[in-house]
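**Q** Structure incoming, see below.
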Amino acid sequence: MNLSGKKVTLHDMTLRDGMHPKRHLMTLEQMRTIATGLDEAGVPLIEVTHGDGLGGSSVNYGFPAHTDEEYLSAVIPLMKQAKVSALLLPGIGTVDHLRMAHELGVATIRVATHCTEADVSEQHIGLAAKLGMDTVGFLMMSHMNSAEGLVTQARLMESYGANCIYITDSAGHMLPGDVKEKLGAVRDALKPDTELGFHGHHNLAMGVANSIAAIEVGATRIDAAAAGLGAGAGNTPMEVLVAVCDRMGIQTGVDVFKIQDVAEDLVVPIMDFPIRIDRDALTLGYAGVYGSFLLFAKRAEKKYGVPAREILVEMGRRGMVGGQEDMIEDTALNLAKAKQIQGAAA
Ligand SMILES: C[C@H](O)CC(=O)C(=O)O
Ligand SMILES: [Mn+2]
């Protein structure tokens, strides 16, 4: 398909999804430096918060180095052209967090729910729209719902006031055919003025291909992270996506070489480990497991001696979704116990 001349808004995830592999411990200086680099490269929208969104700081999700308020206050005043967004999962983030973000100058709020639970987003989407914010509904783990089911959920978010709906491949499980089917159906069902977005993870190395498939069926906002810094095998790598879009004539407004330098010079050096498709990240994609479970499963492997891959496969089999991080320990303990029983019987 000829996409030449199409315009898309690239939305950077490095400083929000990238908080997962950083265990939410980015310094204010790292945030400032990377955000400034992204702004200079022409990235129009940059997400900043705890990896699990506003209010994510907790025993369940992990305590960050700084509060959302501190991160947002550090970044927003430095931006010359980029706008800043914040993620909010109802139940983790509250309307007070939303108001705080608005007061600090956050332009875009993304209200995220599991892909069958859009009804819990009404209050937050309604308030953000009332405040005049760019208001996005973000349907996580979208591989777990059918195209028709996603249409119903997307319409709900649109009816609450969202001006953009995201289909989110949190597990990096979707293939380009799935993306076209699901986003195509949602595009057809939404009002023409409502934008469509796609958020990919690279666990099956499909981040760029899926993003292009999304653009083909009408997505105008695409998420990506510099050097892919994000949960699991990371998000769609921004510098690769920008280069591919450039070759295809898709207009992103992002400078091909400047974004490469941000990835290489600013983001790769702060990685605590290489963001790559190792066997555990690959298993996330293969078994359809929530990306941010990866580090929890690796920690449980060390604690209980059960391979992370086995824990992740079991989490996928049991259909665990975001918010059920505590079930990772539970699953690991049960698998360890089953192994002990098997060992004793042998
Ligand atoms: C809270 C999650 O990290 C949101 C996200 O980026 C995803 O579901 O993917
Ligand atoms: Mn993500």
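Glycine residues also receive a Cβ, built from the backbone N, Cα and C atoms like all the rest.
In case it's useful when we look at the structure, here is the feature table from TrEMBL:
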type: DOMAIN; residues: 8-260; note: domain 'Pyruvate carboxyltransferase'
type: SITE; residues: ARG16; note: site 'Transition state stabilizer'
type: BINDING; residues: ARG16, ASP17, SER170, HIS199, TYR290; note: substrate binding site
type: ACT_SITE; residues: HIS20; note: active site, proton acceptor
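Buried or exposed, and what's around them? Tell me for each listed feature.
**A** Here ARG16 (site 'Transition state stabilizer') comes close to GLU47, VAL48, THR49, HIS50, GLY51, GLY53, LEU87: these same-chain residues lie at least six apart in sequence, with C-beta atoms under 8 angstroms from its C-beta.
Annotation note: HIS199 (substrate binding site) sits in a strand segment as assigned by DSSP.
Listed in sequence order, the residues of the same chain lying 6 or more apart from HIS20 (active site, proton acceptor) and placing their CB within less than 8 Å of its CB are GLY51, GLY230, ALA231, GLY291, SER292, LEU294, LEU295.
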**Q** Excluding ARG16, ASP17, SER170, HIS199, TYR290 themselves, which residues in that chain have a Cβ inside 8 Å of the centre of the Cβ atoms defining the substrate site?
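**A** Here the nearby residues are MET13, HIS20, MET140, THR168, HIS201, GLY230, ALA231, ASN235, GLY291, SER292.
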**Q** Does DSSP put ASP17 (substrate binding site) in a helix, in a strand, or in coil?
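**A** Reduced to three states, the DSSP call for ASP17 (substrate binding site) is helix.
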**Q** Do any of the recorded positions ARG16, ASP17, HIS20, TYR290 touch ligand 2, in the sense that the CB is under 6 Å from one of its atoms?
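**A** Among the recorded positions listed, those whose Cβ sits under 6 Å from ligand 2 are ASP17.
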